[in-house]
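J.: Questions regarding the structure given below will be posed in turn.
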Amino acid sequence: MTCDARHRINELSSPYDPRSPSPASEETPHERSARCPAAAGDLVRSARRLGYTGLNITHPCKQTVIPHLDELSPEAARLGAVNTVTFDGDRAIGHNTDWTGFAESFARGLPDARTRRIVQLGAGGAGAAVAHALLTLGAGQISLIDVHPSRAQALSAELQRRFSHARAHAGDAADLKELLREADGLVNATPTGMVAHPGTPVPAELLHPGLWVADIIYRPMRTELLAHAADLGCRTLNGGGMVVFQAAHAFRLFTGLTPDPERMLAHLATLVTT
Ligand SMILES: NC(=O)c1ccc[n+]([C@@H]2O[C@H](COP(=O)([O-])OP(=O)(O)OC[C@H]3O[C@@H](n4cnc5c(N)ncnc54)[C@H](O)[C@@H]3O)[C@@H](O)[C@H]2O)c1
Ligand SMILES: O=C(O)[C@]1(O)C[C@@H](O)[C@@H](O)[C@H](O)C1
């Protein structure tokens, strides 16, 4: 449920906090993102009342929406994050298709990649889904690094509990060079590299041709990190597959129909051209 979707529902039903100091259209992005988490429950209730079949949820509401739901799929409960809500009569049910979306994209885009040791940057909502997908697909060990070390530690403890102690650990940014030297692959699950947050989370000199490099950012498709990696001859995977497959899986939950991912991938390529 994006803030934009929220605005649309707001226009239709005006269920929103009447004490809000400024109309939604005048909010700064900062005010909007601060208001979104608190508003998640109102939005879910409004959407149900208006007859919506379901919603997609995005940052920063993937966790805060949970207390407003009646039920979670087993995987959404394990991950503690919801990106898709469906309505079944009066019940709002939370699902997570981010992890299945990444798993399908990875299996398809890097089918025979070695996954003995993986370094993952970013232990936020998407990072939790990506690490769960990689370990479910059989990765040996994931080292998690986040600019907020407590997030990497919390996610690693959660993964150790869910999988096994040896398969996840919180790494230190100072050890990145060493970790990458030993790794088969690198995943970027941080916002660094997005159009709005340009740059690369890993200096180019730490990459080496033996690594595969995946980025879950899809705007742009070719992030600075992927460009450096491709220049070195690394195999790369962009975020387009994850965004298409998470959407395809959500569409199946909404409609019971299986969409054509090839058509979706082709359409995405016309929408995101860089
Ligand atoms: N392709 C897809 O379908 C898809 C799905 C979900 C999210 N995303 C993208 O993934 C990115 C992350 O989304 P999120 O919801 O997890 O955000 P989030 O804010 O929940 O988590 C991002 C994490 O990255 C950390 N971080 C930021 N910069 C860092 C750096 N340079 N090095 C190490 N850690 C760093 C932050 O501290 C935070 O913990 C966004 O760009 C989002 O658009 C893509
Ligand atoms: O691009 C993202 O950040 C999204 O979080 C991706 C996916 O989880 C969608 O279901 C969300 O609506 C948006």
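Just so it is clear, glycine is given a Cβ too, placed from its N, Cα and C backbone atoms.
All annotation found in TrEMBL is predicted automatically rather than curated by experts.
When I checked TrEMBL for this same protein, it listed these features:
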- 1-10: compositional bias 'Basic and acidic residues' (COMPBIAS)
- 40-85: domain 'Shikimate dehydrogenase substrate binding N-terminal' (DOMAIN)
- 118-191: domain 'Saccharopine dehydrogenase NADP binding' (DOMAIN)
- 241-267: domain 'SDH C-terminal' (DOMAIN)
- 1-37: region 'Disordered' (REGION)
J.: Determine how many residues of the domain 'Shikimate dehydrogenase substrate binding N-terminal' (40-85) DSSP places in helix, in strand and in coil.
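T.: With helix first, then strand, then coil, the domain 'Shikimate dehydrogenase substrate binding N-terminal' (40-85) has 19 helix, 7 strand, 20 coil.
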J.: Can you tell me how the residues of the domain 'Saccharopine dehydrogenase NADP binding' (118-191) break down into helix, strand and coil by DSSP?
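T.: Taking the domain 'Saccharopine dehydrogenase NADP binding' (118-191) as a whole: 39 helix, 16 strand, 19 coil.
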